[in-house]
Amino acid sequence: MKQKCVLIITDGIGYNKNSKFNAFEAAKKPSYEKLFKEVPNSLLKTSGLAVGLPEGQMGNSEVGHMCIGSGRIIYQNLVRINKAIKNKELEKNENLQKLLAKCKRVHIIGLYSDGGVHSMDTHFKAMLEICAKNGNEVFAHAITDGRDVSPKSGLNFIKDLKGFCENLGVHFATLCGRFYSMDRDKRWDRVKEYYECLLGKAYKVPNLLEYLQKSYDENITDEFIKATQNENYKGMREEDGIIFINFRNDRMKQLVEVLNSKDFKEFEREKVFENLLTMSVYDDKFKLPVLFEKEKIENTLAQVISKAGLSQLHTAETEKYAHVTFFFNGGKEELLENETRVLISSPKVKTYDEKPQMSAFEVCDAVKKGIEKGEDFIVVNFANGDMVGHTGDFNAAIKAVEAVDTCLGEIVECAKKHDYAFIITSDHGNCEAMQDEKGNLLTNHTTFDVFVFVQASGVSKIKANMGLSNIAASVLKILDLEIPKEMNEALF
């Protein structure tokens, strides 16, 4: 069977039997149509227990790529934190107790929704309660979502948080959309607005809930809420403690850098803070205490390929680069031997409905160059279905799928020419459900299955009831490498 192999991850494209407001179904996609006719294909599970999340919880890019790259189901931080709260282990956490003993005033920062991709509202509330009951003065800094949940669901979430804070005697200090506070593409002007808000130098209002409603009246949805503070909030002090409740790292790293790094030079800062505590490891370069340490994941797909002396290329545009490197490699940043990484810059637009093709064609070129060079294994992510799906723009999402389809056609042709096997799948769905039955925009991921296509010598059928954790072993089987005991079985 030995062949070189390309693994193509079409982010945010899933299978929805309902064709209404389904951008995948509505798109012109000759490459996909050809794949369905000519290549063995099936459906894979990408949500809930199949990827180590709670039952019914939608999958996400971090979890999906971890599952694909490690070849096993890893119980995610969301599940670990839920257990720690239920068993009252969180309040006994040594690093948390140290911070609460050292700092009288404590700030809780995080995305406040039940999306479960970056955070959970229940984790935010549990942390507020632990800190308040300990006798600390506590400040809540809520980041509104509108992306992993519906665009105006923030009103109910923030109403809930406001009441919770009042009952606990906690200060509801600031409000800001994730567009500003959770940027991951080095748009430092956005993060600066939030930094200044945390310091007490933003627009002041008497009631943050009323401000949110006023923003809706001006057609500003949750993701884009401008950084605003309660008029009674005076800002962070350098001796204060700061706790970040997001368990996913990629959209918190920049904010932590701004608040904590002594070497930061992107803009002038008035204060730098030392007493930070993060829910999980955001970046190995941050020498900060964490609540939930990383679980060690050994014998990942990339490690096995590297140890065998084979070459590999990992490529994506900025928005998904961390997913085909850090997450795919089991939460490790360091470059492996014979591993090449190619980062293609994402377009500098406010939201990707402005440019639905994003940088897909440049990413496609990088893959074709890798095939022509003779890389033994290539993994690539096309971000379009997910990133454009998140905008809620149905027509733009159709164009996004069509751009991916064009790229698939070119890569498949190139792979066949150079006798490469290929596997095509998605980490989760999104753009196949852009509105609900009532006509409300859906910008979040779905819990639908995703397609998988396998073109490799000797493969005529894919086993039933498979998931993302079965892909790594499939790649190793194609490369004719031994499958480690930690991995789940192959797809064929």
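Positions of Cβ are set from backbone N, Cα and C atoms, glycine also.
Source: prediction; values computed, not measured.
Pulled from Swiss-Prot:
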- Ser61: active site, phosphoserine intermediate (ACT_SITE)
- Asp11, Ser61, Asp427, His428: Mn(2+) 2 binding site (BINDING)
- His118, Arg147, Asp148, Arg178, Arg184, Arg248, Asn249, Asp250, Arg251, Lys320: substrate binding site (BINDING)
- Asp386, His390, His445: Mn(2+) 1 binding site (BINDING)
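Shown here: features listed in Swiss-Prot, placed on the structure.
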residue: Asp11; record: Mn(2+) 2 binding site; contacts (Cβ under 8 Å, 6+ apart): Ser61, Lys320, His323, Asn381, Phe382, Ala383, Asn384, Gly385, Asp386, Met387, Ser426, Asp427, His428, Asn430
residue: His118; record: substrate binding site; contacts (Cβ under 8 Å, 6+ apart): Gly110, Leu111, Asp148, Met182, Asn246, Phe247, Arg248, Arg251, Met252
residue: Arg184; record: substrate binding site; contacts (Cβ under 8 Å, 6+ apart): Asp250, Arg251, Lys253, Gln254, Glu319, Ala322
residue: Asn249; record: substrate binding site; contacts (Cβ under 8 Å, 6+ apart): Ser280, Val281, Tyr282, Asp283
residue: His390; record: Mn(2+) 1 binding site; contacts (Cβ under 8 Å, 6+ apart): Gly12, Arg147, Tyr352, Asn430, Thr443, Asn444
residue: His445; record: Mn(2+) 1 binding site; contacts (Cβ under 8 Å, 6+ apart): Gly12, Met58, Gly59, Asn60, Val117, Asp148, Asp386, His428, Gly429, Asn430
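If you draw a 10 Å sphere around the CB of Arg251 (substrate binding site), it holds 21 other CB atoms from the protein chains shown. Classification of His428 (Mn(2+) 2 binding site) by DSSP places it in coil, neither helical nor stranded. A 10 Å cutoff on Cβ-Cβ distances gives Asp148 (substrate binding site) a total of 22 other Cβ atoms nearby, all chains included.
Between the listed binding-site residues, namely Asp386, Asp427, the fewest other CB atoms within 10 angstroms of a CB are found at Asp386. The Mn(2+) 1 site, placed at the center of the C-beta atoms of Asp386, His390, His445, has further neighbours from the same chain whose C-beta lies within 8 angstroms: Asp11, Gly12, Ser61, Arg147, Asp148, Gly385, Met387, Gly389, His428, Asn430, Cys431, Thr443, Asn444.
The Cβ of Ser61 (active site, phosphoserine intermediate) has 28 neighbouring Cβ atoms from other residues within 10 Å, across all protein chains displayed. According to its DSSP assignment, Ser61 (active site, phosphoserine intermediate) is helical.
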